[in-house]
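Chemist: Before I ask anything, here is the structure I am working with.
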Amino acid sequence: MYDLKPIPEPHVMSTYGRVPVMLTHGRGCRVWDDQGREYLDALAGIAVNTLGHAHPRLVRALQDQVGQLIHTSNYHHHPYTEPLAAALCERSGLDKVFFCSSGLEANEAALKLARKFGHDKGIARPEIVVYERAFHGRSLATLSATGNPKVQAGFEPLVEGFIRVPANDLDALHRATNGNPNVVAVFFEAIQGEGGVHPLQPDYIAGVRALCDQRDWLLMIDEVQCGMGRTGRWFAHQWANIRPDVMPLAKGLGSGVPVGAVVAGPRAAQIFQPGNHGTTFGGNPLAMRAGLETIRIMEDEGLLDNAARQGQHLLTQLWAELHAVPGVREVRGKGLMIGIELDRPCGDLVLRCARAGLLISVTADRVVRLVPPLILTRAEADEIIAKLVPQVRTFLDETSA
Ligand SMILES: *Cc1c(COP(=O)(O)O)cnc(C)c1O
(Lines of atoms letter the chains of each structure in order from A and count residues from 1; the text may use other names and numbers.)
(Lines give C-alpha, C1' and ligand atoms only; values in the text may rest on other atoms or scores of the structure.)
Protein backbone atom coordinates (compact mmCIF):
# COMPACT_ATOMS: atom_id res chain seq x y z
CA MET A 1 0.00 0.00 0.00
CA TYR A 2 1.25 3.47 -0.88
CA ASP A 3 1.77 5.89 1.98
CA LEU A 4 0.05 9.05 0.68
CA LYS A 5 0.73 12.39 2.38
CA PRO A 6 -1.29 15.62 2.12
CA ILE A 7 -0.16 18.02 -0.63
CA PRO A 8 -0.71 21.69 0.29
CA GLU A 9 -2.10 24.05 -2.37
CA PRO A 10 -2.72 27.27 -0.42
CA HIS A 11 -3.50 29.36 -3.50
CA VAL A 12 -5.99 27.03 -5.13
CA MET A 13 -9.67 27.42 -4.29
CA SER A 14 -10.81 24.38 -2.37
CA THR A 15 -13.62 23.24 -4.66
CA TYR A 16 -12.41 19.63 -4.61
CA GLY A 17 -11.45 17.13 -1.96
CA ARG A 18 -8.43 15.92 -3.87
CA VAL A 19 -6.68 12.60 -3.47
CA PRO A 20 -3.14 13.39 -2.18
CA VAL A 21 -1.36 12.23 -5.31
CA MET A 22 0.65 14.45 -7.71
CA LEU A 23 0.19 12.85 -11.12
CA THR A 24 2.90 13.71 -13.61
CA HIS A 25 2.57 11.39 -16.62
CA GLY A 26 0.72 8.47 -18.07
CA ARG A 27 0.73 5.82 -20.74
CA GLY A 28 -2.27 3.78 -21.84
CA CYS A 29 -4.42 2.96 -18.80
CA ARG A 30 -1.64 3.79 -16.34
CA VAL A 31 -0.50 7.00 -14.65
CA TRP A 32 2.45 7.77 -12.41
CA ASP A 33 2.98 10.29 -9.62
CA ASP A 34 6.00 12.44 -8.73
CA GLN A 35 7.22 9.71 -6.36
CA GLY A 36 7.33 7.19 -9.20
CA ARG A 37 4.29 5.27 -7.91
CA GLU A 38 2.10 3.62 -10.53
CA TYR A 39 -1.72 3.67 -10.68
CA LEU A 40 -4.16 1.81 -12.87
CA ASP A 41 -6.63 4.42 -14.11
CA ALA A 42 -10.24 3.24 -13.88
CA LEU A 43 -11.50 6.84 -13.82
CA ALA A 44 -9.98 8.25 -17.04
CA GLY A 45 -10.26 11.87 -15.91
CA ILE A 46 -14.00 11.21 -15.26
CA ALA A 47 -14.87 9.38 -18.47
CA VAL A 48 -12.74 11.75 -20.55
CA ASN A 49 -9.57 9.94 -21.63
CA THR A 50 -11.18 7.68 -24.22
CA LEU A 51 -7.79 6.64 -25.62
CA GLY A 52 -6.05 6.49 -22.25
CA HIS A 53 -2.95 8.59 -21.75
CA ALA A 54 -0.35 9.63 -24.33
CA HIS A 55 -1.84 7.58 -27.16
CA PRO A 56 0.96 7.83 -29.77
CA ARG A 57 -1.36 8.64 -32.69
CA LEU A 58 -3.28 11.30 -30.78
CA VAL A 59 -0.03 12.79 -29.47
CA ARG A 60 1.35 13.06 -33.02
CA ALA A 61 -1.82 14.69 -34.35
CA LEU A 62 -1.96 17.20 -31.46
CA GLN A 63 1.75 18.03 -31.72
CA ASP A 64 1.29 18.66 -35.41
CA GLN A 65 -1.77 20.86 -34.74
CA VAL A 66 -0.08 22.86 -31.97
CA GLY A 67 2.63 23.74 -34.45
CA GLN A 68 0.06 25.02 -36.97
CA LEU A 69 -2.85 26.71 -35.17
CA ILE A 70 -4.19 26.25 -31.64
CA HIS A 71 -6.96 28.79 -31.76
CA THR A 72 -8.63 31.16 -34.18
CA SER A 73 -11.95 32.89 -33.68
CA ASN A 74 -15.25 31.62 -35.01
CA TYR A 75 -15.16 34.54 -37.47
CA HIS A 76 -13.11 32.31 -39.78
CA HIS A 77 -13.19 28.79 -41.15
CA HIS A 78 -10.59 26.11 -40.54
CA PRO A 79 -10.12 22.63 -41.91
CA TYR A 80 -11.34 20.29 -39.15
CA THR A 81 -14.68 21.81 -38.08
CA GLU A 82 -16.86 20.46 -40.87
CA PRO A 83 -15.21 16.98 -40.91
CA LEU A 84 -15.75 16.55 -37.15
CA ALA A 85 -19.33 17.84 -37.40
CA ALA A 86 -19.96 15.46 -40.31
CA ALA A 87 -18.44 12.54 -38.38
CA LEU A 88 -20.77 13.20 -35.42
CA CYS A 89 -23.83 13.58 -37.67
CA GLU A 90 -23.01 10.39 -39.54
CA ARG A 91 -22.68 8.37 -36.35
CA SER A 92 -25.77 9.82 -34.68
CA GLY A 93 -28.05 10.13 -37.70
CA LEU A 94 -28.53 13.82 -36.83
CA ASP A 95 -28.01 16.96 -38.94
CA LYS A 96 -25.99 19.81 -37.47
CA VAL A 97 -23.51 20.53 -34.69
CA PHE A 98 -22.68 23.51 -32.47
CA PHE A 99 -19.22 23.25 -30.87
CA CYS A 100 -18.28 24.47 -27.41
CA SER A 101 -15.74 23.48 -24.75
CA SER A 102 -17.45 21.59 -21.93
CA GLY A 103 -20.44 19.58 -20.86
CA LEU A 104 -22.28 22.33 -19.07
CA GLU A 105 -21.79 24.58 -22.06
CA ALA A 106 -23.28 21.95 -24.36
CA ASN A 107 -26.24 21.52 -22.00
CA GLU A 108 -26.68 25.27 -21.65
CA ALA A 109 -26.93 25.46 -25.45
CA ALA A 110 -29.49 22.63 -25.46
CA LEU A 111 -31.62 24.45 -22.87
CA LYS A 112 -31.46 27.64 -24.92
CA LEU A 113 -32.44 25.68 -28.03
CA ALA A 114 -35.47 24.28 -26.21
CA ARG A 115 -36.56 27.69 -24.97
CA LYS A 116 -36.20 29.26 -28.42
CA PHE A 117 -38.05 26.30 -29.95
CA GLY A 118 -40.91 27.25 -27.60
CA HIS A 119 -40.72 30.97 -28.27
CA ASP A 120 -40.73 30.33 -32.03
CA LYS A 121 -44.04 28.48 -31.46
CA GLY A 122 -45.47 31.37 -29.45
CA ILE A 123 -44.87 29.88 -25.97
CA ALA A 124 -43.72 32.78 -23.82
CA ARG A 125 -42.76 30.76 -20.71
CA PRO A 126 -41.44 27.43 -21.96
CA GLU A 127 -40.96 24.57 -19.50
CA ILE A 128 -38.55 21.65 -19.77
CA VAL A 129 -39.01 18.25 -18.16
CA VAL A 130 -35.95 17.09 -16.16
CA TYR A 131 -35.27 14.15 -13.85
CA GLU A 132 -34.64 13.14 -10.29
CA ARG A 133 -30.95 12.18 -9.81
CA ALA A 134 -30.01 14.02 -13.02
CA PHE A 135 -26.72 15.85 -13.40
CA HIS A 136 -26.26 18.41 -16.16
CA GLY A 137 -23.51 20.72 -14.91
CA ARG A 138 -22.67 23.59 -12.60
CA SER A 139 -23.82 26.75 -14.40
CA LEU A 140 -26.95 28.36 -12.97
CA ALA A 141 -29.24 26.89 -15.63
CA THR A 142 -27.65 23.43 -15.67
CA LEU A 143 -27.51 23.16 -11.86
CA SER A 144 -31.18 24.11 -11.83
CA ALA A 145 -31.85 21.24 -14.25
CA THR A 146 -29.76 18.93 -12.04
CA GLY A 147 -31.73 16.73 -9.65
CA ASN A 148 -29.37 16.91 -6.71
CA PRO A 149 -30.13 19.39 -3.90
CA LYS A 150 -26.45 19.36 -2.85
CA VAL A 151 -25.44 20.82 -6.22
CA GLN A 152 -28.05 23.56 -5.86
CA ALA A 153 -27.66 24.47 -2.18
CA GLY A 154 -26.33 27.98 -1.68
CA PHE A 155 -26.93 29.11 -5.25
CA GLU A 156 -30.64 29.91 -5.14
CA PRO A 157 -32.66 31.44 -6.70
CA LEU A 158 -32.67 28.66 -9.26
CA VAL A 159 -33.46 29.19 -12.92
CA GLU A 160 -37.19 28.57 -13.47
CA GLY A 161 -38.96 26.62 -16.14
CA PHE A 162 -38.18 23.03 -15.09
CA ILE A 163 -40.61 20.23 -14.22
CA ARG A 164 -39.03 17.28 -12.38
CA VAL A 165 -40.07 13.64 -12.78
CA PRO A 166 -38.65 10.25 -11.70
CA ALA A 167 -36.82 8.12 -14.28
CA ASN A 168 -38.33 5.07 -15.96
CA ASP A 169 -41.95 5.99 -15.17
CA LEU A 170 -44.00 7.01 -18.21
CA ASP A 171 -47.15 7.47 -16.13
CA ALA A 172 -45.37 9.98 -13.94
CA LEU A 173 -44.26 11.87 -17.05
CA HIS A 174 -47.86 11.94 -18.31
CA ARG A 175 -49.18 13.10 -14.96
CA ALA A 176 -46.58 15.86 -14.65
CA THR A 177 -47.24 17.28 -18.10
CA ASN A 178 -50.90 16.57 -18.93
CA GLY A 179 -52.76 19.73 -19.85
CA ASN A 180 -49.65 21.89 -19.63
CA PRO A 181 -49.30 23.83 -22.90
CA ASN A 182 -45.90 25.28 -21.94
CA VAL A 183 -43.87 22.07 -22.11
CA VAL A 184 -41.32 22.23 -24.94
CA ALA A 185 -38.78 19.48 -24.23
CA VAL A 186 -37.82 16.42 -22.20
CA PHE A 187 -34.19 16.31 -21.09
CA PHE A 188 -32.36 13.33 -19.56
CA GLU A 189 -29.11 11.35 -19.52
CA ALA A 190 -29.42 7.96 -21.22
CA ILE A 191 -27.43 6.68 -18.24
CA GLN A 192 -27.44 8.96 -15.21
CA GLY A 193 -23.75 9.20 -14.35
CA GLU A 194 -23.16 11.48 -11.37
CA GLY A 195 -26.53 10.38 -9.98
CA GLY A 196 -25.11 6.88 -9.38
CA VAL A 197 -24.88 5.10 -12.77
CA HIS A 198 -28.61 4.53 -13.30
CA PRO A 199 -29.47 3.49 -16.88
CA LEU A 200 -32.78 4.64 -18.32
CA GLN A 201 -34.55 1.61 -19.77
CA PRO A 202 -34.61 1.38 -23.57
CA ASP A 203 -38.42 0.91 -23.47
CA TYR A 204 -38.78 4.05 -21.43
CA ILE A 205 -36.57 6.04 -23.80
CA ALA A 206 -38.59 4.79 -26.77
CA GLY A 207 -41.81 5.69 -24.94
CA VAL A 208 -40.60 9.24 -24.31
CA ARG A 209 -39.60 9.51 -27.97
CA ALA A 210 -43.15 8.60 -29.01
CA LEU A 211 -44.66 11.07 -26.55
CA CYS A 212 -42.36 13.86 -27.79
CA ASP A 213 -43.47 13.14 -31.38
CA GLN A 214 -47.09 13.19 -30.36
CA ARG A 215 -46.86 16.46 -28.40
CA ASP A 216 -44.30 18.25 -30.56
CA TRP A 217 -41.67 18.39 -27.79
CA LEU A 218 -37.92 18.14 -28.29
CA LEU A 219 -36.30 14.98 -26.96
CA MET A 220 -32.91 16.09 -25.59
CA ILE A 221 -30.52 13.39 -24.41
CA ASP A 222 -27.45 14.39 -22.42
CA GLU A 223 -24.72 12.02 -23.67
CA VAL A 224 -21.90 14.02 -22.09
CA GLN A 225 -20.75 11.06 -19.98
CA CYS A 226 -22.34 7.95 -21.51
CA GLY A 227 -21.75 8.93 -25.16
CA MET A 228 -18.75 8.59 -27.47
CA GLY A 229 -18.57 4.81 -27.44
CA ARG A 230 -18.46 4.18 -23.72
CA THR A 231 -21.43 1.79 -23.67
CA GLY A 232 -20.43 -0.09 -26.82
CA ARG A 233 -22.52 2.01 -29.21
CA TRP A 234 -21.56 5.51 -30.28
CA PHE A 235 -24.33 6.93 -28.12
CA ALA A 236 -26.08 5.16 -25.25
CA HIS A 237 -29.59 6.04 -26.49
CA GLN A 238 -28.87 3.98 -29.62
CA TRP A 239 -29.58 0.87 -27.52
CA ALA A 240 -33.22 2.07 -27.62
CA ASN A 241 -33.13 2.38 -31.42
CA ILE A 242 -34.37 5.95 -31.42
CA ARG A 243 -32.88 9.34 -32.31
CA PRO A 244 -33.07 12.38 -30.06
CA ASP A 245 -33.69 15.88 -31.42
CA VAL A 246 -30.84 17.37 -29.41
CA MET A 247 -27.76 15.62 -28.02
CA PRO A 248 -25.11 17.38 -25.90
CA LEU A 249 -21.65 15.76 -25.88
CA ALA A 250 -18.34 16.55 -24.18
CA LYS A 251 -16.16 14.42 -21.84
CA GLY A 252 -14.84 11.61 -24.08
CA LEU A 253 -15.13 13.55 -27.34
CA GLY A 254 -11.61 15.00 -27.35
CA SER A 255 -9.94 12.25 -25.32
CA GLY A 256 -8.65 14.87 -22.88
CA VAL A 257 -8.68 18.06 -24.93
CA PRO A 258 -11.66 20.17 -23.77
CA VAL A 259 -14.38 19.99 -26.40
CA GLY A 260 -18.15 19.93 -26.24
CA ALA A 261 -20.82 19.72 -28.90
CA VAL A 262 -24.56 19.91 -29.34
CA VAL A 263 -25.78 17.68 -32.14
CA ALA A 264 -29.27 18.46 -33.46
CA GLY A 265 -31.73 16.63 -35.68
CA PRO A 266 -34.10 18.14 -38.26
CA ARG A 267 -36.50 19.67 -35.72
CA ALA A 268 -33.76 21.53 -33.86
CA ALA A 269 -30.96 22.12 -36.37
CA GLN A 270 -32.36 25.44 -37.68
CA ILE A 271 -33.40 27.03 -34.39
CA PHE A 272 -30.23 29.03 -33.76
CA GLN A 273 -29.64 31.79 -36.27
CA PRO A 274 -26.57 34.06 -36.46
CA GLY A 275 -26.32 36.06 -33.25
CA ASN A 276 -28.43 33.70 -31.11
CA HIS A 277 -25.58 31.80 -29.49
CA GLY A 278 -21.80 31.62 -29.44
CA THR A 279 -18.60 30.95 -27.51
CA THR A 280 -15.00 32.08 -27.94
CA PHE A 281 -13.13 28.80 -27.53
CA GLY A 282 -15.75 26.50 -29.07
CA GLY A 283 -14.65 24.63 -32.15
CA ASN A 284 -11.06 25.79 -32.11
CA PRO A 285 -8.56 23.96 -34.34
CA LEU A 286 -6.87 22.00 -31.54
CA ALA A 287 -10.20 20.76 -30.15
CA MET A 288 -11.53 19.81 -33.58
CA ARG A 289 -8.36 17.92 -34.47
CA ALA A 290 -8.53 16.07 -31.14
CA GLY A 291 -12.15 15.07 -31.73
CA LEU A 292 -11.60 13.92 -35.27
CA GLU A 293 -8.46 11.93 -34.50
CA THR A 294 -10.15 10.36 -31.45
CA ILE A 295 -13.02 9.08 -33.63
CA ARG A 296 -10.64 7.73 -36.28
CA ILE A 297 -8.51 5.91 -33.72
CA MET A 298 -11.60 4.49 -32.00
CA GLU A 299 -12.70 2.99 -35.30
CA ASP A 300 -9.28 1.75 -36.37
CA GLU A 301 -8.83 0.04 -32.99
CA GLY A 302 -12.38 -1.32 -32.66
CA LEU A 303 -12.91 0.46 -29.34
CA LEU A 304 -16.73 0.29 -29.32
CA ASP A 305 -16.58 -3.50 -29.43
CA ASN A 306 -13.81 -3.47 -26.88
CA ALA A 307 -15.85 -1.27 -24.51
CA ALA A 308 -18.80 -3.67 -24.80
CA ARG A 309 -16.63 -6.77 -24.28
CA GLN A 310 -14.49 -5.57 -21.39
CA GLY A 311 -17.50 -3.91 -19.81
CA GLN A 312 -19.50 -7.13 -19.87
CA HIS A 313 -16.52 -8.99 -18.42
CA LEU A 314 -16.13 -6.46 -15.60
CA LEU A 315 -19.86 -6.50 -14.84
CA THR A 316 -20.05 -10.29 -14.75
CA GLN A 317 -16.89 -10.79 -12.72
CA LEU A 318 -17.58 -8.00 -10.25
CA TRP A 319 -21.05 -9.39 -9.65
CA ALA A 320 -19.63 -12.89 -9.20
CA GLU A 321 -17.11 -11.65 -6.64
CA LEU A 322 -19.32 -9.19 -4.80
CA HIS A 323 -22.96 -10.29 -4.91
CA ALA A 324 -22.69 -12.37 -1.74
CA VAL A 325 -20.74 -9.73 0.18
CA PRO A 326 -22.94 -8.11 2.86
CA GLY A 327 -23.20 -4.39 2.13
CA VAL A 328 -23.06 -4.70 -1.66
CA ARG A 329 -26.45 -3.77 -3.14
CA GLU A 330 -26.01 -3.89 -6.88
CA VAL A 331 -23.49 -3.91 -9.73
CA ARG A 332 -24.94 -2.19 -12.80
CA GLY A 333 -24.08 -0.27 -15.94
CA LYS A 334 -23.42 -0.71 -19.61
CA GLY A 335 -20.09 -1.14 -21.35
CA LEU A 336 -17.31 0.70 -19.55
CA MET A 337 -19.65 2.72 -17.34
CA ILE A 338 -20.16 0.68 -14.22
CA GLY A 339 -21.51 1.44 -10.76
CA ILE A 340 -21.21 -0.69 -7.63
CA GLU A 341 -23.81 0.42 -5.13
CA LEU A 342 -23.13 -0.19 -1.45
CA ASP A 343 -25.52 0.18 1.47
CA ARG A 344 -23.51 3.03 3.02
CA PRO A 345 -21.55 6.17 2.10
CA CYS A 346 -18.20 4.99 0.74
CA GLY A 347 -16.23 8.07 -0.31
CA ASP A 348 -13.33 6.70 1.73
CA LEU A 349 -12.84 4.00 -0.91
CA VAL A 350 -11.32 6.56 -3.28
CA LEU A 351 -8.32 7.02 -0.98
CA ARG A 352 -8.12 3.35 -0.08
CA CYS A 353 -7.99 2.40 -3.75
CA ALA A 354 -5.40 5.08 -4.53
CA ARG A 355 -3.20 3.58 -1.80
CA ALA A 356 -3.65 0.25 -3.56
CA GLY A 357 -2.64 1.78 -6.91
CA LEU A 358 -6.12 2.15 -8.45
CA LEU A 359 -7.92 5.36 -9.45
CA ILE A 360 -11.72 5.28 -9.10
CA SER A 361 -14.44 7.68 -8.00
CA VAL A 362 -17.46 7.45 -5.75
CA THR A 363 -20.62 9.21 -6.85
CA ALA A 364 -24.01 9.73 -5.22
CA ASP A 365 -22.30 8.94 -1.87
CA ARG A 366 -22.66 5.15 -2.13
CA VAL A 367 -21.73 4.18 -5.65
CA VAL A 368 -18.23 3.19 -6.75
CA ARG A 369 -17.93 4.35 -10.36
CA LEU A 370 -15.66 2.75 -12.95
CA VAL A 371 -15.25 4.63 -16.26
CA PRO A 372 -11.83 3.48 -17.54
CA PRO A 373 -10.34 4.33 -20.94
CA LEU A 374 -11.95 2.44 -23.83
CA ILE A 375 -8.57 0.89 -24.70
CA LEU A 376 -8.76 -1.22 -21.52
CA THR A 377 -7.42 -4.75 -22.10
CA ARG A 378 -8.75 -7.97 -20.56
CA ALA A 379 -5.66 -8.15 -18.34
CA GLU A 380 -6.23 -4.59 -17.15
CA ALA A 381 -9.91 -5.33 -16.48
CA ASP A 382 -8.83 -8.29 -14.34
CA GLU A 383 -6.33 -6.06 -12.57
CA ILE A 384 -9.10 -3.56 -11.72
CA ILE A 385 -11.09 -6.41 -10.17
CA ALA A 386 -8.06 -7.78 -8.31
CA LYS A 387 -7.29 -4.36 -6.82
CA LEU A 388 -10.84 -3.19 -6.17
CA VAL A 389 -12.59 -6.23 -4.67
CA PRO A 390 -10.31 -6.58 -1.60
CA GLN A 391 -10.65 -2.85 -0.90
CA VAL A 392 -14.46 -3.05 -1.04
CA ARG A 393 -14.45 -6.10 1.24
CA THR A 394 -12.07 -4.55 3.77
CA PHE A 395 -13.96 -1.28 3.75
CA LEU A 396 -17.28 -3.04 4.40
CA ASP A 397 -15.74 -5.17 7.16
CA GLU A 398 -14.20 -2.18 8.89
CA THR A 399 -17.32 -0.03 8.69
CA SER A 400 -19.83 -2.68 9.80
CA ALA A 401 -21.32 -2.22 13.23
C1 LIG B 1 -19.88 15.83 -16.50
C2 LIG B 1 -21.26 16.01 -16.97
C3 LIG B 1 -21.76 17.28 -17.32
C4 LIG B 1 -20.95 18.53 -17.10
O5 LIG B 1 -19.83 18.57 -17.90
P6 LIG B 1 -18.67 19.64 -17.57
O7 LIG B 1 -17.71 19.47 -18.72
O8 LIG B 1 -18.10 19.28 -16.26
O9 LIG B 1 -19.31 20.97 -17.56
C10 LIG B 1 -23.02 17.36 -17.83
N11 LIG B 1 -23.77 16.26 -18.01
C12 LIG B 1 -23.34 15.04 -17.69
C13 LIG B 1 -24.21 13.86 -17.95
C14 LIG B 1 -22.07 14.87 -17.15
O15 LIG B 1 -21.65 13.65 -16.81
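FYI, residue positions are counted from 1 along the chain as it appears here.
Keep in mind that glycine also has a Cβ here, set from the backbone N, Cα and C atoms.
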Chemist: Pick the one from F99, F117, F135, F395 that TrEMBL also lists for the pyridoxal 5'-phosphate site with D222, E223, V224, Q225, T280.
Modeler: F135
Chemist: Including all protein chains displayed, how many Cβ atoms other than that of E223 (pyridoxal 5'-phosphate binding site) lie within 10 Å of its Cβ?
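Modeler: 30, counting other Cβ atoms within 10 Å of E223 (pyridoxal 5'-phosphate binding site).
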Chemist: Please report the distance from the Cα of V224 (pyridoxal 5'-phosphate binding site) to the Cα of K251 (N6-(pyridoxal phosphate)lysine), rounded to the nearest angstrom.
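Modeler: Per the Cα atoms, V224 (pyridoxal 5'-phosphate binding site) and K251 (N6-(pyridoxal phosphate)lysine) stand 6 Å apart.
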Chemist: Out of R138, K251, give me whichever of these recorded positions has the highest number of other Cβ atoms within 10 Å.
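Modeler: Of R138, K251, the one with the most crowded Cβ is K251.
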Chemist: Please report the Cα separation of T280 (pyridoxal 5'-phosphate binding site) and R138 (N(2)-acetyl-L-ornithine binding site) in Å, rounded to an integer.
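Modeler: For T280 (pyridoxal 5'-phosphate binding site) versus R138 (N(2)-acetyl-L-ornithine binding site), the Cα atoms are 19 Å apart.
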Chemist: Compile a sequence-ordered list of residues in the same chain as D222 (pyridoxal 5'-phosphate binding site), six or more apart from it, whose Cβ lies below 8 A from its Cβ; state 'none' when nothing qualifies.
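Modeler: Residues satisfying the criterion: G103, N107, A110, A134, H136, F187, F188, E189, A190, M247, P248.
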Chemist: Taking only the Cα atoms, work out how far F135 (pyridoxal 5'-phosphate binding site) lies from K251 (N6-(pyridoxal phosphate)lysine), in Å, as a whole number.
Modeler: 14
Chemist: Among the binding-site residues D222, E223, V224, Q225, T280, which have a Cβ atom lying under 6 Å from any atom of ligand 1?
Modeler: D222, V224, Q225
